[in-house]
Structure formats: C-alpha cells, structure tokens
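For reference, the structure is listed below as structure tokens.
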C-alpha cells in the first residue's frame, strides 16, 4: 500500500475526497471553534468579493451563463459546432463527473447553446441563480469512464474524437458519436474505449496534448517520462491485418478486438512527475513538457529521445501547466505553484544555466493550474489558479504608458503590467478553462467550489464585452457615434 507521501500530486480535488451532496455536508460534524472562525472569515471575504463582482456582470460581460454541477469536473473542453442559428449556435461541450463511487465516474457530452455577440439582454446576463442548472447547457450523452476523468483533450482533425487521462497509466481514446449513451447507476459496466494507448509505467493523470498537425498524442506522468503515440499506427495495423469493413462513417478510430497500441517514442529527461505537455503548433515532432522538478523541456523526436533544450529552474516551484503560442512558434507560457505565469522565448530560454523568461506575470495569490493562449490574438492568453480567478493578459500591454497621469499608486499595484481582464465569478479554485476557437472570445471555465455553490462545482460560460479587446480607435468611434445619435434623439429644450 502506498504511503500518503507517495500519492500522486493532485491539482484538482484531492484523491479520496470525492464530492458530497449538500445533505451529507450538513450532517458532517463541526470542527473546532477556531477553525470555524477562520473558515467563516474566509467565506465572508469570498462572499463579499463575489457580490461585488456580480453587481458588475451586466457591465463587463456580453454574455454569461452559470451552470451548477451535480459532481465536480476536473476538465472542460469545446467540441464541434453541430447547429447554426440566427441568435445562437449549438456546440458540443466535454465535461467529466468525479463522483463519490455511489455512481460511476463519467465523461459527459453536453450540448451548449452559445449566444452570439451583442444578442443577450442585460437583465438576462445579470439575473442568474448560482444553485440552478443553466438552460444553455443540456446533457447529450454519458460515457461511463473506467476510473476518474482528470483531463480531456479533443483531436483537432476531428473534434468528435477525444482523449482522456484517468488515474492509471493509459490514455483512452473515444469516438464520441460512435459510443453508446449509458445510464450511470451503481454497478453499471464501464464503457469500452475505442483505443487504449499504453507506454507509461506509472500513473499519468494530467499531462495530455493532441497535435494540430497530425493525429499524434502526447502524455506525461508520474514515471517522469513523456510518451508519444500516433493514432495512425492503429489504422495502419488494422489495414494490414483485417479486411476493410463498410460503415466506418469516416471515423479516425476503427474497431478492433484488442484496441491498443504502443508508443512511437518514450522521452526521458525529467527528474519528477511530468505535469503538462504541449505540441509545437507547426510540428508534430516538436513538443515541450513541464514538471514537478521545476523544469521546462523542449523535445525534438527527429533527433532522439533526450531533451533538445532543458531549462532548469524555469520557476521557483513545481510547474503545473504549459502552452505554446499557436501564432508564434517562439513563445511559450508556463504556470506554477509559485503563483506566477512566465513567458519564454525559445530563442533565448536560459541565462547562466537557469530559466530566463521574457516576462513574469504576477497577480495570482495561489498556484496557477492552467494557461492557454487566445486563438484570436497572438499576444493574449489566460491563466486560472487556486485563488478562484481567471486572468486575461496581453503581453503587448506590458510597458505601455497609462492613458491617464492621475492614476494612484494603489491603482498601479492592483493592476499589474499586461492584465486587462479578471473573471471573478468562481468562488474557489478554477481547475480548467478553454477558449472557444469557433467563437474566440467565449470561454468555458470550471471550478471546484462545491462548498459554496450548493452542488458539485460550477461551470461558467462567458464572453467579456468587445469594447475591452477591440482596437481603441474603433471603440472611441463607436462611442462617439452613439453620443451623436443620443444627441439627435434628445428633444431640445425651448428657450
């Protein structure tokens, strides 16, 4: 049996502390008075900040939807658009359910009605019930997952294909449309994945990426390795060993009696658990990884299984997440348990043997769990953390002069360089978020705030007002046009 110190590091809900119903939480014995007092003060501070944020929702957001979850979800991802409408589009949304074992863990496929920009009414945005399900999110299909669902990633070449990380060494591949819909009840048999990727020698729980160039899969785990697969290897094996079958429906996953493949390569270089991996946007053979050894490593599968570049001490603590800029292959962002986000240029990664970031973005007050570049603008990215905040940054704004000379020192302290929007709608740690490539300024985020949300956590779908990210000249011209329009419509007073 493993000792507590040897348990995998968990960045979401700790192992063994699965969600509890509201009734169960109310029946739990109370802690000591001192602990209750400390918790009460923290809860009061969170509530105060949340009330302040909620009062500004109608001003800051073009659209906002709040969905109270039954069970916690450690991952959220956008799938394909399935229906186009006049005022909203219907799009798949991939979620997970991490249960208390009274019912199975599941991979959830939901239909999400994404309201188009400048459509939602102000009162509809602001008036939502934190403890209710959103009418914009409806369950479409349930897959009973073997083990927990710690990470979900969609295949860029076919977003109906997703990969999942569980609390084991394998990566599971699912053809969402081909999988049967299951009813998650106690004792129900797990769904059968369409393909199993083997190669890790220990649990691989979080580090997972799929290449935008080819159907390649990348994973990292507790065995300190990075593993690379090609889904095409499965297709090639079937083509060589089995007759062609009709009715495949164009899926990249084909059926087989033993749907498992081994890796293209196993890469050694980390000294501790690999926490996240990411492909270079322009190459399926180049990728990067980060881990609990505080290292950022760049790899090139064409030249071997050893690191191409190893950045020691990229942060001052464990690295949790990494993303590679889809618009500029030279830029990489990382997030860490040291509460910071760092921007690296791969042309100049180190100085005196340690990491030399272009800039450090410091405004989170707890460990950063996820970072991702905006699909619409090359200089913009987001970061979420255990402090319950999702920050939107623009590195091009770092060093820009302030528009006004009368801002106080206090304002400067509260607004660090590059930060231009902060989503504060979650009341506990945000475990994952995802920009919507089909509607680039729409974001889905999920938090583990069961104790404050009255459920299993909170899913939020939101889009800031476009005046915050559009070019300044455009915004000023629109405001002037509106001002002129109001002036023409206002009755002139008689002298």
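Quick reminder: no glycine exception, Cβ is built from N, Cα and C everywhere.
Copied over from TrEMBL:
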- 20-31: compositional bias 'Basic and acidic residues' (COMPBIAS)
- 48-115: domain 'Histone-binding protein RBBP4-like N-terminal' (DOMAIN)
- 1-41: region 'Disordered' (REGION)
- 207-232: repeat 'WD' (REPEAT)
- 267-309: repeat 'WD' (REPEAT)
- 312-345: repeat 'WD' (REPEAT)
- 361-396: repeat 'WD' (REPEAT)
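With a cut-off of 8 Å between Cβ atoms, the residues of this chain six or more beyond the repeat 'WD' (207-232) that come close are 8, 151, 153-157, 161, 163-165, 169, 171, 173, 195, 197, 199-201, 252-253, 261-279, 281-284, 287, 289, 291, 297, 299, 301, 326.
Mean pLDDT for the repeat 'WD' (361-396) in the predicted structure: 97.
Taking H, G and I as helix, E and B as strand and the rest as coil, DSSP gives the repeat 'WD' (312-345) the counts 0 helix, 19 strand, 15 coil.
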